[in-house]
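So the structure is just underneath, and the comments pick up after that.
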Amino acid sequence: MGKDDMIESGAGGGEFAAKDYTDPPPAPLIDSAELCSWSLYRAVIAEFIATLLFLYITVATVIGYKHQTDAAASGADAACGGVGVLGIAWAFGGMIFVLVYCTAGISGGHINPAVTFGLFLARKVSLVRALLYIVAQCLGAICGVGLVKAFQSAYFDRYGGGANSLASGYSRGTGLGAEIIGTFVLVYTVFSATDPKRNARDSHVPVLAPLPIGFAVFMVHLATIPVTGTGINPARSFGAAVIYNKDKPWDDHWIFWVGPLVGAAIAAFYHQYILRAGAIKALGSFRSNA
């Protein structure tokens, strides 16, 4: 039996007895029976509400920060006011931590089309579920940013509506690369935090999966806010672009879909086929059956 099929240290009855683990079977590409299941629609609703709340809190934080640091509106000391880039990053990372914790047992807590796409490529969710999640996430993002505009109508357009766009001085290639790498970090963290083998092997270490995922979002924001405002979530970028509806965010909008989806695909491939040796296992299974 290979090392991947047995958790070392468990059989020897060491200080910490590891749990057995089994990988869940691959999700079917198309599961029409899912459409008759209330659990699917409950999960879709959870994704909609979670993304709505995520966009409302985070975009409101961005607008509030820009208002507090606007010298014309807040006086000469405005540059020292507001939560700063660190506070914005905490708002995004903290909300992901909270919302993933709340919805993980219902929908998996994706709240991001890139995460859903990566999990779909890894056969963790079906095509039907993935498509419904992405639609719900985009609609939730639009509604969340719409609430910000309704509550802060005096400041929303003045301060850019929280929309993502490429910062001046950076090429589109740089922006695309930042989004690919940032999303890779996020989706790789999602796979690692929810890996059943890790949970079994490190069963003596309580791991709260939303915590590293939230920290990943926080760290990526620190690195990429100066470049793209940090997308790494196509629904976040789409919702803000729809409600703000100015030329600059739409001109750069493709970056915030292509980058995250490519980053998610690379992360899924790396985790499933390199770290978990999915390709080698498949080849070994094929040879043993030949």
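Cβ atoms here come from the backbone N, Cα and C positions, even for glycine.
According to TrEMBL, the protein carries these features:
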TRANSMEM  44-65  transmembrane segment
TRANSMEM  85-109  transmembrane segment
TRANSMEM  130-155  transmembrane segment
TRANSMEM  175-193  transmembrane segment
TRANSMEM  205-227  transmembrane segment
TRANSMEM  254-275  transmembrane segment
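With a threshold of 8 Å between CB atoms, the same-chain residues lying at least 6 positions outside the transmembrane segment (44-65) that come near it are 82-84, 87-88, 91-92, 95-96, 99, 102-103, 106-107, 109-111, 132-133, 136-141, 143-145, 147-148, 151-152, 155-156, 159, 161-162, 235-236, 239-240. Segment contact holds for the transmembrane segment (85-109) and the transmembrane segment (205-227), given three or more CB pairs below 8 angstroms at sequence separation of 6 or more. Within the chain, the transmembrane segment (254-275) has long-range Cβ neighbours (under 8 A, six or more residues past its boundaries) at 112-115, 117-119, 121-122, 164, 166, 172, 175-184, 186-188, 190-192, 195, 228, 231-234, 237-238. Taking pairs at least six residues apart, the transmembrane segment (175-193) and the transmembrane segment (130-155) share fewer than three Cβ pairs below 8 Å and do not count as touching.
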